[in-house]
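Here is what Swiss-Prot says about this protein:
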- 1-22: topological domain 'Periplasmic' (TOPO_DOM)
- 23-50: transmembrane segment (TRANSMEM)
- 51-55: topological domain 'Extracellular' (TOPO_DOM)
- 56-81: transmembrane segment (TRANSMEM)
- 84-119: transmembrane segment (TRANSMEM)
- 122-145: transmembrane segment (TRANSMEM)
- 146-165: topological domain 'Periplasmic' (TOPO_DOM)
- 166-190: transmembrane segment (TRANSMEM)
- HIS177, GLU276: Zn(2+) 2 binding site (BINDING)
- ASN178, GLU181, ASP208, GLU211, GLU240: Cd(2+) 2 binding site (BINDING)
- GLU181, GLN207, GLU211: Zn(2+) 1 binding site (BINDING)
- 193-222: transmembrane segment (TRANSMEM)
- 225-251: transmembrane segment (TRANSMEM)
- 252-255: topological domain 'Extracellular' (TOPO_DOM)
- 256-275: transmembrane segment (TRANSMEM)
- 276-287: topological domain 'Periplasmic' (TOPO_DOM)
- 288-308: transmembrane segment (TRANSMEM)
Amino acid sequence: MNQPSSLAADLRGAWHAQAQSHPLITLGLAASAAGVVLLLVAGIVNALTGENRVHVGYAVLGGAAGFAATALGALMALGLRAISARTQDAMLGFAAGMMLAASAFSLILPGLDAAGTIVGPGPAAAAVVALGLGLGVLLMLGLDYFTPHEHERTGHQGPEAARVNRVWLFVLTIILHNLPEGMAIGVSFATGDLRIGLPLTSAIAIQDVPEGLAVALALRAVGLPIGRAVLVAVASGLMEPLGALVGVGISSGFALAYPISMGLAAGAMIFVVSHEVIPETHRNGHETTATVGLMAGFALMMFLDTALG
C-alpha cells in the first residue's frame with residue numbers, strides 16, 4: 001500500500017541524483033523554465049485584456065482543432081486490427097516533415113521578421129530567435145531527462161522509469177510530444193495574424209491524425225483494451241489546447257516576447273522531431289519509406305504556408 005509513496009520518494013531521490021550528476025542539463029532546464037514562467041507572467045494579463053482576448057480565442061480554437069484531429073486518428077483504431085510497421089513509419093515520417101516545415105515557415109521565418117522590426121534586420125534579429133530556439137531545446141532536453149517515459153527502440157528513459165507502468169510511460173511520452181505542438185499553435189496566434197496561425201494549425205492538425213492512430217495502436221500493443229487505448233489516445237490530445245494557452249501567454253507580454261516565443265516553440269518542435277519521431281521511424285529498417293514520408297509532409301506544409309499564408 002506504500003508503493004506510490006515509495007515510488008514518489010524514489011523519484012525525488014533519482015531527480016536529486018540526476019541533478020547532481022548532470023548540473024549543466026539541470027541548469028539549462030531551470031533557466032528555460034524560469035524564462036517560460038517570466039514570459040507567461042508578463043503576458044497573462046496582456047493576453048486576457050482588450051483585443052488580445054480575441055487572440056486567446058484563436059489559440060484555443062487552434063488547440064481544439066489539434067485535439068479533434070488527434071481524436072479522429074485515435075477513433076480510426078477502432079476499425080483497424082493493425083497496420084504494418086512500414087505504413088506506421090511512413091505516417092510518422094509524414095508527421096515529422098510537417099512539424100519541421102511548420103517550424104521553419106510558420107515559426108522561425110515570421111519570428112525573424114518580427115524581431116527585425118524591433119531590433120533591426122540581420123544578426124540582431126537572428127540572435128533574438130536563436131535565444132528562443134535555445135530555450136526551447138533546453139526546456140525539452142530537461143523534461144526528457146527528468147521525466148520517466150518509454151520509446152519502442154530504446155526502452156525506458158528517465159529516472160525510475162522501469163518501475164512505472166508501461167501505459168503511463170507512453171502517456172508521459174505523448175505529453176512530451178504534444179506540449180510543444182500546442183505551444184506552437186498558441187504562439188502563432190499571439191498577434192492575431194491568421195496568415196501565420198492558419199497554416200501552422202492546419203499542418204499540426206493534419207499530422208495529428210496519423211499520430212492519434214499510432215498512439216492508440218501503441219497503447220493497445222502494451223496491453224490496453226482497444227476501447228481504453230482509444231480513450232487514452234483521445235485524452236492525450238488535450239495537451240494541445242492547454243499548450244496553446246501557454247503559448248499565447250508567453251508570447252503576449254512585451255514586444256520581444258513574440259519572436260523569442262516563436263523561436264522557443266520551433267526549438268521545442270525540432271527537438272521532438274529529431275530526438276523522438278525520426279529515431280522511432282528508423283527502428284524497423286524503413287528509413288527510406290520514412291524519409292519519403294518526411295519529404296511529402298514537408299512539401300505539403302510548404303504548400304499550405306504558401307496557399308494560406
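Cβ atoms here come from the backbone N, Cα and C positions, even for glycine.
Sequence features, as recorded in Swiss-Prot, placed on the structure.
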residue	record	Cβ neighbours (10 Å)
HIS177	Zn(2+) 2 binding site	22
ASN178	Cd(2+) 2 binding site	26
GLU181	Cd(2+) 2 binding site	32
GLN207	Zn(2+) 1 binding site	28
ASP208	Cd(2+) 2 binding site	27
GLU211	Cd(2+) 2 binding site	29
GLU240	Cd(2+) 2 binding site	29
GLU276	Zn(2+) 2 binding site	18
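Helix first, then strand, then coil: DSSP counts for the topological domain 'Periplasmic' (276-287) stand at 7 helix, 0 strand, 5 coil.
Contact between the transmembrane segment (256-275) and the transmembrane segment (56-81) does not hold: fewer than three of their C-beta pairs are under 8 Å, each pair 6 or more apart in sequence.
Contact between the transmembrane segment (225-251) and the transmembrane segment (56-81) is supported: at least 3 Cβ pairs lie under 8 Å, counting only residues 6 or more apart in sequence.
Secondary structure at GLU181 (Cd(2+) 2 binding site), as computed by DSSP, is helix. Between the transmembrane segment (193-222) and the transmembrane segment (288-308), three or more CB pairs separated by 6 or more residues in sequence fall under 8 Å, so the two stretches touch. Listed by sequence, the residues of this chain that lie at least six past the ends of the transmembrane segment (56-81) yet keep a Cβ under 8 A from its Cβ atoms are 47-48, 178, 181-182, 185-186, 188-190, 192, 194, 197, 201, 204-206, 208-217, 220, 226-227, 229-230, 233-234, 236-238, 240-245, 247-248. Between GLN207 (Zn(2+) 1 binding site) and GLU181 (Cd(2+) 2 binding site), the C-alpha separation comes to 11 Å. GLU211 (Cd(2+) 2 binding site) falls within a helical segment according to DSSP. Each residue contributes its Cα atom, and for GLU211 (Cd(2+) 2 binding site) and HIS177 (Zn(2+) 2 binding site) those atoms are 10 Å apart. On the 0 to 100 pLDDT scale, the topological domain 'Periplasmic' (276-287) averages 86 in the predicted structure.
Each residue contributes its Cα atom, and for GLU240 (Cd(2+) 2 binding site) and GLU276 (Zn(2+) 2 binding site) those atoms are 18 Å apart. For the pair formed by ASN178 (Cd(2+) 2 binding site) and GLU276 (Zn(2+) 2 binding site), distance between Cα atoms is given as 12 Å, rounded to the nearest Å.
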